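All remarks here apply to the structure that follows.
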């Protein structure tokens, strides 16, 4: 297996392989995801494959946290050993995660709340657009603005820590059940989104938590299986092991977490699965080596809920906070004990764990608390959270929580208008034949599909549902809607304004099985709008890439009788679109999960009040079988460690894979149409230093790693012109092709810059891109360093990964 050599050289893995996984084999199904692990797959056990990096580095306050660090150290100096154990161990309480108060020191505790698109356990809070939706804007300002607004709501409800944003999963597989919580199947775009979102959260005063670190790319077997007749630590089958080589982990999966560290993220959540054999929450190579040493991370590492599988090993491995604190599946049985808790005091007293390590754990927890001023006038926890918290209801509380804050306070402000605008800006126009869109006060429209109307399952999406529009996915990353504007509601309101006849049919089975001409009266409508949806949730991966609820058949039925069929998808991510070339399907719009203003956002696009400018954050293939790297869905052996996911595709995910193998696609990464047209011209480059070395200067590590990697080394500029007749926005995208001297396996091109610009008809604007050293570097597994290869780079700028009209060459490093 090719990847094993890189793992061995890097020190990420110390083992020899017999055989890895070949995703091209007969174990893969084309119509539903299925990858059955071959019997001769190399099995990595929990120990001996990922080298120890000990001790866990102490926080230094680097990056401007020195004053807060001093306050944290002073706080820790006043704690008893029992209080120190409390500070690193979660307790059931009013929030999803809770650190108890220490009244004698004036510390009111910490409240940690889900999630990446809303405060899940709260009333009178907004449901924002999902991560994949926000990424589809390709708008750095919107990403920041969304972060600020969400941070304001978390703080308003008394939550100290917002459990988001998400860079893991990155999107290795289109089947990933939680891809919608993250941003894009590209490390650069995800990195920018992470950085801007974190800055927004923390500028609003709430701690951000970057998750899930690292290699958490599938839901199937993400957790171990426990013996139902055994103890709460009696595991009969371990979680899957993500086996990733050194270069791949640096250039793909670690990349956006470097942006998070640079943004001074307060905390990082380690993931459920194993990494190269060892559980991610006790893997010292990953937590101590990559995160705390290489990236200079100054905050604290918290476990995913129930992701702690040891005490001393996890503490030494770099875990600082055990959430939610108990044993068993998802850590929900604190009454039975904890890997931390009293075991921390025992380990310190018997000399197994040095007290200095425990002190650093708490210093890391408290430093961002002081840095963000959460010790000064921070809002009290909203008591309604306790009433809504089904994860740890009051009956499970072991400690007392003094909830004196105002109940059910409304923190939404004017965020509804912001969510509406963000949803529209994220909407992607994939097809628009014969100027089907925008609609211009049509005389009649027909609305089809079970995604158009009101939900029938209530305000929280706990599981998939047949009837009702889909505006958020499921699991801990969902939200509780205080209201939801549906597409049908918004279309009827617009129809009333325009005196349009609006008819609707929401039963997909009826539509698919009927002659739709018998449904509408009296004549065919001017436009037929078909709303389709695709559910995804935490805890399970998608079974298909097609739309749900016979959506393809619904489109076929409508398009067979209506020559102006417009399809809108509300999806978690990638969909097969077999109807894309149907002559009667005149327009296709991808809206993803837009949040509570879903209907208003899509009507703004359909009627041209907002010109679509969203771009795909992934590739839509012609066929589902064209994708590589499906999740491992089954094993044929029964060993405790047998579940493995070998990332043999290495750097070839999404567009990198399609480019490397010259596979034609339906809609490429970065693609998206507009109601106007744009052109590019006059590409220019300018070096920012007289001499650029291959090896970066070795500077003292700061949050984000070696500061030299973040230094700009080249400027690239290009002129963008709106050549159409309406105002619109577009996203020039810069891709880099490395010289031939770069190591084998380097992708044909990689995104390294983008900017969204809005232009009036005929207006031109010069857009500049700053290329940092890291943008032109690869990770060298021998020297363990980022290197700029010698030779000529190709710089291309265009409007998608396969529409790159502007090209130039640069040679940063010569022999």
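Each residue's number is its place along the chain shown, starting with 1.
Any Cβ shown, glycine's included, is placed from N, Cα and C.
For 1-20, the entry in Swiss-Prot reads signal peptide.
When secondary structure is read from DSSP and collapsed to three states, residue 40 (N-linked glycosylation site) falls in the coil class. Neighbours of residue 40 (N-linked glycosylation site), defined as other CB atoms within 10 A of its CB across all chains, total 10. Look at Swiss-Prot and you will find 40 (among others) tagged as N-linked glycosylation site, backed by sequence analysis.
Listed in sequence order, 356, 360, 363 are the same-chain residues at least 6 apart in sequence whose CB falls under 8 Å from the CB of residue 58 (N-linked glycosylation site). The annotation N-linked glycosylation site is assigned in Swiss-Prot to 58 (among others).
A 10 Å cutoff on Cβ-Cβ distances gives residue 229 (N-linked glycosylation site) a total of 7 other Cβ atoms nearby, all chains included. Taken from Swiss-Prot, the feature N-linked glycosylation site covers 229 (among others), and the record attributes it to sequence analysis.
Over all protein chains present, the Cβ of residue 276 (N-linked glycosylation site) has 25 other Cβ atoms lying within 10 Å. Swiss-Prot lists 276 (among others) with the feature N-linked glycosylation site.
The active site annotation in Swiss-Prot covers 304. In three-state terms derived from DSSP, residue 304 (active site) belongs to neither a helical nor a strand segment and is classed as coil. Under a cutoff of 8 A between CB atoms, and with a sequence separation of 6+ in the same chain, the neighbours of residue 304 (active site) are 211, 212, 269, 270, 271, 272, 281, 323.
Remark: residue 343 (N-linked glycosylation site) has 311, 337 as non-local neighbours, by Cβ distance under 8 Å and separation of at least 6 in sequence. Sequence annotations record features per position, and here Swiss-Prot assigns N-linked glycosylation site to 343 (among others) based on sequence analysis.
Counting every protein chain shown, 8 other Cβ atoms lie within 10 Å of the Cβ of residue 350 (N-linked glycosylation site). According to Swiss-Prot, the feature N-linked glycosylation site maps to 350 (among others), an assignment based on sequence analysis.
The DSSP secondary structure for residue 402 (N-linked glycosylation site) is coil. The N-linked glycosylation site annotation in Swiss-Prot covers 402 (among others).
The Cβ of residue 507 (N-linked glycosylation site) lies under 8 Å from the Cβ of 450, 467, each on the same chain and at least six residues away in sequence. Annotation comment: Swiss-Prot describes 507 (among others) as N-linked glycosylation site.
Note on residue 584 (N-linked glycosylation site): other Cβ atoms within 10 Å of its Cβ, all shown chains, come to 17. For 584 (among others), the entry in Swiss-Prot reads N-linked glycosylation site.
Neighbours of residue 623 (N-linked glycosylation site), defined as other CB atoms within 10 A of its CB across all chains, total 13. Annotation comment: Swiss-Prot describes 623 (among others) as N-linked glycosylation site.
In the three-state DSSP assignment, the secondary structure recorded for residue 662 (N-linked glycosylation site) is coil. Cβ environment of residue 662 (N-linked glycosylation site): no same-chain residue six or more positions apart lies under 8 Å away. Here Swiss-Prot flags 662 (among others) as N-linked glycosylation site, drawing on sequence analysis.
Taking all protein chains in view, 14 other C-beta atoms sit within 10 angstroms of the C-beta of residue 715 (N-linked glycosylation site). Residues or ranges marked as N-linked glycosylation site by Swiss-Prot: 715 (among others).
There are 11 other CB atoms within 10 A of the CB of residue 402 (N-linked glycosylation site), with all protein chains counted. Cα of residue 715 (N-linked glycosylation site) to Cα of residue 229 (N-linked glycosylation site): a span of 63 Å. Ranked by Cα separation from residue 584 (N-linked glycosylation site), the glycosylation sites 40, 229, 350 are led by 40. Taking the Cα atom of each, residue 40 (N-linked glycosylation site) and residue 402 (N-linked glycosylation site) are about 56 angstrom apart.
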